[in-house]
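Just below is one structure, and these are the notes that go with it.
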Amino acid sequence: DKEMYGSAEWKERVEKWKVRQEKRGLISNDNGGNDPPEEDDYLLAEARQPLWRKVPISSSLISPYRIVIVLRFIVLAFFLRFRILTPAYDAYPLWLISVICEVWFAFSWILDQFPKWFPIRRETYLDRLSLRFEREGEPNQLGAVDVFVSTVDPLKEPPIITGNTVLSILAADYPVEKVCCYVSDDGASMLTFDSLAETAEFARRWVPFCKKHNVEPRAPEFYFNEKIDYLKDKVHPSFVKERRAMKREYEEFKVRINALVANAQKKPEEGWVMQDGTPWPGNNTRDHPGMIQVYLGSAGALDVDGKELPRLVYVSREKRPGYQHHKKAGAENALVRVSAVLTNAPFILNLDCDHYINNSKAIREAMCFLMDPQFGKKLCYVQFPQRFDGIDRHDRYANRNVVFFDINMLGLDGLQGPVYVGTGCVFNRQALYGYDPPVSEKRPKMTCDCWPSWCCCCCGGSRKKSKKKGEKKGLLRGLFFSKNKKKMMGKNYVKKGSAPVFNLEEIEEGLEGYEELEKSSLMSQKNFEKRFGQSPVFIASTLMENGGLPEGTNSTALIKEAIHVISCGYEEKTEWGKEIGWIYGSVTEDILTGFKMHCRGWKSVYCVPKRPAFKGSAPINLSDRLHQVLRWALGSVEIFLSRHCPLWYGYGGKLKWLERLAYINTIVYPFTSIPLLAYCTIPAVCLLTGKFIIPTLSNLTSIWFLALFLSIIATGVLELRWSGVSIQDWWRNEQFWVIGGVSAHLFAVFQGLLKVLAGVDTNFTVTAKAAEDTEFGELYLFKWTTLLIPPTTLIILNMVGVVAGVSDAINNGYGSWGPLFGKLFFAFWVILHLYPFLKGLMGRQNRTPTIVVLWSILLASIFSLVWVRIDPFLPKQTGPILKQCGVDC
């Protein structure tokens with residue numbers, strides 16, 4: 001850092017440090033006539049400070065918020081009591097349906113609201129991290145990181161996007177020997193393989209340019225497209241010239257990638273052939289061997305300045321017919337094993353192929369938590385928020401998910417930690433192996449000698465017993481981990497060593513000299529193979545908490561072992577996907593994986609740097625957005641119907657009850673679609689029939705209705721105050737909650753039930769039509785899907801209901817307008833929430849596609865005709881209808 005400052009600036013900075021340390025009492029202002037302390041003393045004192053701190057939300061913001069939540073809960077209870085005890089007898093079926101829906105909405109609100117009771121923010125100190133672990137003249141002590149990037153189909157996930165993600169990783173502000181990037185190609189595509197080779201070659205020029213000029217972001221596509229003053233803070237005289245040359249080279253790189261993509265559009269009859277003339281092993285994507293290719297690194301090519309680059313590894317796991325491959329979760333687990341054999345970094349960063357590193361110091365941000373000497377050992381992962389590029393200014397379909405990432409996740413961070421959202425997450429490798437977090441021993445209670453010995457026995461016997469039990473439990477791990485303990489804050493923490501590596505056969509041979517208890521414990525070492533699979537090298541790596549490889553390892557032998565651990569039969573009869581790694585059983589494997597870790601007692605942290613750590617792309621088209629939400633909701637339904645459901649799994653563990661509420665909410669929310677659909681239909685029915693779900697209100701009951709609406713508004717306003725979320729983002733989130741609820745969530749419930757209970761896997765096909773090639777052109781692209789039918793039908797029903805209700809009021813005179821306003825309010829509530837959906841149907845030409853109109857009018861007409869035919873509110877006559885004829889006889 002000293003080189004970056006002039007001598008006067010450096011002295012001023014040291015003086016400021018001196019004042020801060022004196023205020024904290026870390027150094028004394030009086031040196032007793034001795035020489036003033038050296039600058040290194042001040043730096044050392046600064047390095048001893050915490051690497052992060054909690055930033056509590058001001059009580060003036062959070063206290064009113066909590067008070068309003070409690071008041072809303074009370075008002076809601078009285079409101080539901082009134083609704084249940086005062087039925088509308090003239091519209092009893094509608095009243096009953098509406099009350100059931102309102103009770104469910106109250107339950108879902110509790111699940112969503114109370115986990116947000118303790119929101120917190122966190123702040124990191126990157127300068128202290130550098131002072132503590134990157135001291136001049138000493139080896140760099142920052143933890144190594146293996147970065148996982150997963151991709152499947154290069155025609156749907158363009159290679160240029162994956163290449164940008166890889167380039168941003170290789171150029172990250174982190175020691176090059178501490179970073180290794182693994183790219184999982186689950187489609188065994190030669191296009192991905194060739195484009196990665198081109199990316200590795202371009203990285204030799206791009207990485208030194210980024211580090212020399214400290215540019216952000218370090219993904220070239222997004223750096224060169226930024227509409228900002230790129231000369232700001234740039235003082236190097238050659239910057240403009242080098243930037244212009246680099247932009248030209250990047251454009252040439254893009255042309256080469258585009259040529260590869262063009263050649264890959266049509267597969268030759270004899271299959272793909274590599275440059276040396278041999279057939280590509282992955283020509284059959286469902287039946288091919290495992291493939292590994294290592295680029296760059298210490299043994300690979302250097303950059304143009306002659307410096308080492310981070311290692312880049314291409315991995316395509318073996319696939320054979322008849323084996324379950326478990327999609328993304330299986331690919332991630334294969335990367336866990338490959339990386340453990342080749343590099344074995346103690347930390348793992350997981351990224352989707354379209355999520356690039358937007359903040360080059362993002363890994364350092366995570367290390368401030370994971371390398372904390374006290375807190376870091378209990379952390380399973382550090383989750384970053386997802387931020388997105390290329391979304392329209394108004395965020396019509398709530399693609400940014402601002403309410404979730406800036407409100408819900410901050411609330412969870414105050415409990416046991418945020419949920420894992422599938423990308424932008426730095427893991428502790430030991431947590432992925434299914435180990436429990438280290439347990440701190442409780443300080444023994446104070447005792448005195450004044451009590452009789454029998455009393456002490458009553459008090460202390462249980463402690464001795466529990467101590468013996470703990471010794472037996474820890475014996476297994478103690479044989480593999482070093483027994484040195486480090487004392488911190490008055491507690492003993494067992495620290496596992498990274499040096500010893502044991503052969504299972506040697507352990508078995510040495511059983512004779514142990515007592516019966518120890519012998520039975522050692523015999524259980526054979527369970528390691530049943531747990532982790534038949535790989536001694538991988539098993540040895542799982543026992544090294546601080547990572548690294550054993551001395552004297554042969555790179556050729558390691559590659560062979562890496563090929564072995566990605567074979568399709570490796571996971572059979574092991575605990576992979578059940579207790580270890582990414583958990584199988586749902587298309588949303590991220591929720592399951594984080595849930596299992598929290599159940600074991602691990603904690604997680606939510607890190608929100610000022611500059612977003614990662615950025616990705618999101619589908620801004622209506623149909624694609626609905627299918628994305630459908631996939632998430634389907635995964636939640638699968639978890640709900642599995643043994644890992646938070647409603648009944650993990651009791652007796654270490655999952656906090658508010659954290660459990662949050663997980664229950666993540667798997668229950670799709671079922672809200674059924675009452676939501678019914679509730680959105682009720683206003684139209686009321687307008688068409690002239691009935692209403694609420695009887696005539698007295699003044700007292702009107703107050704409860706008014707209090708409920710005011711509490712809902714107050715909760716939203718106060719939530720926006722402490723979180724900083726804009727009212728537009730909040731309203732877009734509310735609108736899409738209704739749009740997704742009556743379409744994607746509804747289909748997910750039925751598809752999940754069919755898949756889990758009947759074994760029927762239903763897929764909804766999407767057919768794309770042409771769109772204009774302009775900015776946000778995809779926003780106006782229409783793709784037909786069955787998900788569009790229910791919301792469109794609701795809009796038509798409510799609009800028809802509004803017209804019918806107003807017409808009826810005009811015909812019946814002034815007295816009928818009063819009851820009409822309540823019905824119109826609910827109908828307009830539905831239409832307003834579905835308004836973005838209506839705009840999406842209209843497209844750029846403001847014209848709804850004919851097929852959607854036909855289907856929706858057909859369904860609305862059938863519903864109306866059936867209703868007129870059965871009309872449940874007319875009294876049933878059993879005899880002749882008798883009326884006065886009106887003639888005076």
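Yeah, the Cβs are placed from backbone N, Cα and C, and that goes for glycine too.
These features come from TrEMBL:
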TRANSMEM  62-80  transmembrane segment
TRANSMEM  92-111  transmembrane segment
TRANSMEM  667-690  transmembrane segment
TRANSMEM  702-724  transmembrane segment
TRANSMEM  736-758  transmembrane segment
TRANSMEM  779-800  transmembrane segment
TRANSMEM  820-838  transmembrane segment
TRANSMEM  850-870  transmembrane segment
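Ranked by number of Cβ pairs under 8 Å to the transmembrane segment (820-838), the listed stretches 62-80, 92-111, 667-690, 702-724, 736-758 are led by 667-690. Of the ranges 62-80, 92-111, 667-690, 736-758, the one with the most Cβ pairs under 8 Å to the transmembrane segment (702-724) is 62-80. In terms of C-beta pairs under 8 Å, the stretch of 92-111, 667-690, 736-758 lying closest in packing to the transmembrane segment (62-80) is 92-111. Among residues of the same chain six or more beyond the transmembrane segment (667-690), those with a C-beta under 8 A of the stretch's C-beta atoms are 91, 94, 97-98, 100-102, 104-105, 108, 111, 591, 633-634, 636-637, 639-640, 645-647, 738, 741-742, 745-746, 748-749, 752, 790, 794, 797-798, 800-802, 804-805, 808, 823-824, 826-827, 829-830, 864, 867, 871, 873.
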